[in-house]
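Chemist: Please read through the structure below; I'll follow up with questions.
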Amino acid sequence: MRRFFTLGFGTSDTSTIRMALSSSIQNPSAFRLPLRRHHHLPHSNSFGGAASFSRFKPLRCVSSLAVAPSSRILVQNPIVEMDGDEMTRVIWKMIKDKLIYPYLELDVKYFDLGLLNRDATDDHVTVESAEATLKYNVAIKCATITPDEARVKEFNLKSMWRSPNGTIRNILNGTVFREPILCKNIPRIVPGWKKPICIGRHAFGDQYRATDAVIHGPGKLKMIFVPDDGEQLELNVYDFKGPGVALAMYNVDESIRGFAESSMTMAYQKQWPLYLSTKNTILKKYDGRFKDIFQEVYEEKWKEKFEESSIWYEHRLIDDMVAYAMKSEGGYVWACKNYDGDVQSDMLAQGFGSLGLMTSVLLSSDGKTLEAEAAHGTVTRHYRLHQKGQETSTNSIASIFAWTRGLEHRAKLDSNEKLMEFVKNLESACIETVESGKMTKDLALLIHGPKVSREFYLNTEEFIDAVAQKLVEKNPALCS
């Protein structure tokens, strides 16, 4: 089926178009508009709900900060922006308007991954956004809804679409790395963690692509592999005497090798040691394959580089690694298999203080392509309050850091020192705002307890405004 694109002056594109129009005032040839998949079905507006797409709202070219367009930092190459859902979509727009577009001249390849647009495009928009990421090497993603049965009914969806994160991970074939954002005044459940721990999750295969079944009675369970050439392999798994359950899962050398490459790339970039954790004493062949491939990659490409930098790679059993993590002070990269990474990344986030203080990036095996996102969900409970016009206090730090980590990678690829300096200023503006006592309710609860009074926290927009003010102080040359 042939697919068309249209230039959409819809509400969800307002920030991007404002940026492009502002550029055109100084340089008409710089005027670029984002591509939006053309359709006539209900569309996600800037607040994540259904809206008519038959008429476009008028646009006013305004800026939240007095920054001369000619003073903005030029980002030479494009980034891919993936918009999202619910409360994170609301704060996403605030971040762009107040913290990004006033300072940067950006060419944005915009893809609306809001649930209604994924439904309207039969989820092709997700695939296209991932393909664009491979082309431009940098993507910045807002949190999105992964629909369950209740969401299918709520949004009247055509299908229970797969997780966009999973789709993007499979296309980029990368490793998801999560790392805490440390603020001195936010208490840690594990007080010994003085340095960040960067956890890498192999986001392919294992339980997440497994085939499972309920066994209803006695019988023999076998696993059979039929090669394209050669003899069939048949393994006896279990002789069931009664009802039970069964599971078959897999992984592939190519993906494991990519996992090893991206893990070692991340460790080398950070100049931190790298640990891989498995249970190869039990899964001698399955987990043993992970151990062997990591060692091969290390010996072939990385050992000399690591030793020159006085860092190292080591394999540990998962139970031993968890014990070590709890007593260590941090300062290393921890490579985990898919399920282990899913579980341990949340443990680390809580141990360091909050899931709202966690960065998340997907890095390809060659280290060239990166997708950054917030590590949390769409904050549905706050969005319901927002829809009613009630005040919310939603932590935007992880979403802000999605922008900074994506832009940081763009700066590295382009050797753009001004962009790199801006990124560092924005990250420190966030941290210094929190450390000055200005924070959202979730962080105030960690400091003041469950009965925290209103005076100790800011609402959603007040916090972003406080970060914006701190950013102005750090970038006086860009402000009039």
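Cβ atoms are placed via backbone N, Cα and C, with glycine included.
Unlike curated entries, TrEMBL annotations are predicted automatically.
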Chemist: Considering the D-threo-isocitrate binding residues Thr146, Ser163, Pro164, Asn165, Gly166, Thr167, Ile168, Arg169, Arg201 given in TrEMBL, which of Arg178, Arg188 is annotated for that site as well?
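Modeler: Checking Arg178, Arg188 against TrEMBL: the D-threo-isocitrate site match is Arg178.
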Chemist: May I ask you to find which of Asn170, Asn173, Asn395 TrEMBL records for the NADP(+) site already listed with Thr144, Ile145, Thr146, Arg151, Lys327, Gly377, Thr378, Val379, Thr380, Arg381, His382?
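Modeler: Record source TrEMBL; matching candidate: Asn395.
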Chemist: Please report the distance from the Cα of His382 (NADP(+) binding site) to the Cα of Asp319 (Mn(2+) binding site), rounded to the nearest angstrom.
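Modeler: One finds 37 Å between the Cα atoms of these residues.
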Chemist: Rounded to an integer, what is the Cα-Cα distance in Å between Lys327 (NADP(+) binding site) and Asp319 (Mn(2+) binding site)?
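Modeler: Counting only the Cα atoms, the answer is 13 Å.
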Chemist: With Asp319 (Mn(2+) binding site) as the reference Cα, tell me which of the binding-site residues Gly166, Ile168, Arg178 is the closest one.
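Modeler: Of the binding-site residues Gly166, Ile168, Arg178, Arg178 has its Cα closest to that of Asp319 (Mn(2+) binding site).
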Chemist: So, in DSSP terms, is Thr146 (NADP(+) binding site) helix, strand, or coil?
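Modeler: Coil, per DSSP.
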Chemist: Cα-Cα separation of Thr378 (NADP(+) binding site) and Pro164 (D-threo-isocitrate binding site), in Å?
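Modeler: Computed Cα spacing between Thr378 (NADP(+) binding site) and Pro164 (D-threo-isocitrate binding site) is 13 Å.
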Chemist: Which site among Asp319, Asp342 has the most other CB atoms no more than 10 Å from its CB, taking these as binding-site residues?
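Modeler: The residue with the densest Cβ neighbourhood is Asp342.
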Chemist: Restricting to the same chain and to sequence separations of six or more, state which residues have a Cβ under 8 Å from that of Lys279 (site 'Critical for catalysis').
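Modeler: Sequence-distant Cβ neighbours: Asp287, Leu317, Ile318, Asp319.
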